[in-house]
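Participant: The following block contains the structure, expressed as structure tokens.
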Amino acid sequence: MSDYLVIVESPAKAKTIERYLGKKYKVKASMGHVRDLPKSQMGVDIEQNFEPKYITIRGKGPVLKELKTAAKKAKKVYLAADPDREGEAIAWHLAHSLDLDLNSDCRVVFNEITKDAIKESFKHPRMINMDLVDAQQARRILDRLVGYKISPILWKKVKKGLSAGRVQSVALRLIIDREKEINDFKPEEYWTIDGTFLKGQETFEASFFGKNGKKLPLNSEADVKEILSQLKGNQYTVEKVTKKERKRNPALPFTTSTLQQEAARKLNFRAKKTMMIAQQLYEGIDLGREGTVGLITYMRTDSTRISNTAVDEAAAFIDQTYGKEFLGGKRKPAKKNENAQDAHEAIRPTSVLRKPSELKAVLGRDQMRLYKLIWERFVASQMAPAVLDTMSVDLTNNGLTFRANGSKVKFSGFMKVYVEGKDDQMEEKDRMLPDLQEGDTVLSKDIEPEQHFTQPPPRYTEARLVKTLEERGIGRPSTYAPTLDTIQRRGYVALDNKRFVPTELGQIVLDLIMEFFPEIINVEFTAKMERDLDHVEEGNTEWVKIIDNFYTDFEKRVKKAESEMKEVEIEPEYAGEDCELCSSPMVYKMGRYGKFLACSNFPDCRNTKPIVKQIGVKCPSCGEGNIVERKSKKKRVFYGCDRYPDCEFVSWDKPIERKCPKCGKMLVEKKLKKGIQVQCVECDYKEEPQK
């Protein structure tokens, strides 16, 4: 019989930890929360200081029974749920369900699942932190009050299945506000003049800067013609050469937010997928002889702190692998305040000695890609800054200035290991300039004016929305991925080219919430609520006070909405074609991944089909069908014949109407970093890339 029972959330975690602790310990899984508010009722007694009425979650009865039996046999029970508010709440619910002494040292926390970390954590058990529990409970009750009061009104006035929440409503507002900015945007004309210049046999690029040393904007073609008329000949004098050495510091190691952003940029992962794979890496991977080991630290964190042990291991690794000159400078020590929040670390590999290249045999493709990203980011964060030599050159002709900028990596530093996703294209090539001295003469080879128009702000990607939510203080590490998932499942937004587009339904719901519950979608109000919850976690505020302050005004608004909110009828958008199964009109519907066609006779007829987008090109294979744009299971655009499966023509590149002038075969548009280039699929014919 085992002397000690340890309870964690998942079987994978249990298996790993049990091996580290030895025969005296039995580790079992609670499979997440065992108690929660009931789904069939609000479950909050408003008259009794918002007292929650918890019940055992459906299906968890057998799990609890097994845990109770094991707990009675054990000398001591340890609760080792995750090291955050949610984990503390799970431990508290388990303690209640198993009749454990809440004043006993039954709580064990760790940031990584490795032998040393687990052994060390069991040397320092503590009481359940009720401040953390209260913060989680306050969030849960707030979300229940908002959801349980507003959602039924939306069901009655708009349609079934809708929901409203504090964080999801603000996220929806950000997306819709951005769409309004885009629609209201008025493009403004501007021009640039770019030149190609010669110094001996070397060419370089420079752009028009201004006149008589002052920057001069070009707002029209008339402005450009005026400048071109003032240029005299093709000789330019090098008037000013500025050389500087610039340092570029590495990014900090990952938090939950920055991991989700970078995984979206570099790996094309959705936030939900990133967290799922990170959970696998945290809970443990079977490494063969070494057994099951957690490869990364806990993945729900907003801290960039690194333990001294991890810093020292990274320093030794960098010194040995890359050399002393690649070591980072003076490192900040770990925080001394070891409360629950400060005790969190950044997301990092549990050991830098487990290099990604050595784990290929034991990791799946996506696991490997995410681990490599985390490993490289952490190692780079402990390395020396990169050093760049920059050079700025002013060329003059009749008082007009053209400016050339160049840079060269003098010392790669951390860039030897990792460069942030948004900067990859910028840093791929050095922008070199010839050896130019003040007073030199250079010749212009080509002067090209080009018209431009200012662009509206871009729609939000998942990465950008997560970053904005974090910057505005909305939500916490555990809420970003579920929030993005919810607004898509409800049909409030759809993804178009990996960017969020609000739907008509999303606009209707937001308009109603803005009219009747303005504080719910107020960014500053929601951010203040998050800060208040943090104050509860820190033990500085009572959770009941926060909810009471919120509910007094909220209840009045609920009553007003119930009596004054008008029913909204969403008119169907007809597609102009009939259902091939029942002859009813087909209508456009918005799903999680965008628009699709559905029969208006639903639910009697459940016919649906994707919207086919023709590109106006005949199929080059069969000559009968038309080429249409389609999407793969991974949402990648490709092109195929609309006679499929009779014709199986497919192409990743977009076919065009013109034929190759050399061989008469199909031409396609290929996307390159320089722009879109027309190429022949058979011969070597290529055209100049177009931006």
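Every residue gets a Cβ built from N, Cα and C, even glycine.
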Participant: Under Swiss-Prot, the annotation zinc finger belongs to which of these stretches: 39-67, 184-212, 532-560, 619-647?
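Facilitator: Residues 619-647 are the ones Swiss-Prot records as zinc finger.
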Participant: Would you please say which range out of 93-119, 498-524, 579-605 has the annotation zinc finger in Swiss-Prot?
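Facilitator: From Swiss-Prot, the annotated zinc finger range turns out to be 579-605.
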Participant: Pick from 12-35, 276-299, 396-419, 660-683: which range does Swiss-Prot record as zinc finger?
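Facilitator: The listed stretch tagged zinc finger in Swiss-Prot is 660-683.
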Participant: Given 163-168, 439-444, 481-486, 607-612, which one carries Swiss-Prot's region 'Interaction with DNA' label?
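Facilitator: Feature region 'Interaction with DNA' in Swiss-Prot: residues 163-168.
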Participant: Can you give the mean pLDDT for the zinc finger (619-647), rounded to a whole number?
Facilitator: 85
Participant: For the region 'Interaction with DNA' (163-168), give the DSSP counts of helix residues, strand residues and coil residues.
Facilitator: 3 helix, 0 strand, 3 coil
Participant: State the Cα to Cα distance, in Å, between Tyr298 (active site, O-(5'-phospho-DNA)-tyrosine intermediate) and His33 (site 'Interaction with DNA'), rounded to an integer.
Facilitator: 18
Participant: Going by C-alpha positions, which of the recorded sites (His33, Arg140, Asp143, Trp155, Arg300) is nearest Arg490 (site 'Interaction with DNA')?
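Facilitator: Checked the recorded sites His33, Arg140, Asp143, Trp155, Arg300; minimum Cα distance to Arg490 (site 'Interaction with DNA') goes to Trp155.
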Participant: If you count Cβ atoms within 10 Å of the Cβ of Asp143 (site 'Interaction with DNA'), leaving out that atom itself, what do you get?
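Facilitator: If we count other Cβ atoms within 10 Å of Asp143 (site 'Interaction with DNA'), we arrive at 16.
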Participant: Three states by DSSP: which one describes Arg490 (site 'Interaction with DNA')?
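Facilitator: Arg490 (site 'Interaction with DNA') sits in coil per DSSP, no helix or strand.
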Participant: Are there any residues at least 6 positions away along the chain from Trp155 (site 'Interaction with DNA') with a Cβ closer than 8 Å to its Cβ? List them or say none.
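Facilitator: Non-local contacts for Trp155 (site 'Interaction with DNA'): Gly161, Leu162.
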Participant: Round to a whole number and give the Cα-to-Cα distance in Å for the pair Arg139 (site 'Interaction with DNA') and Tyr148 (site 'Interaction with DNA').
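Facilitator: Cα-Cα, rounded: 14 Å.
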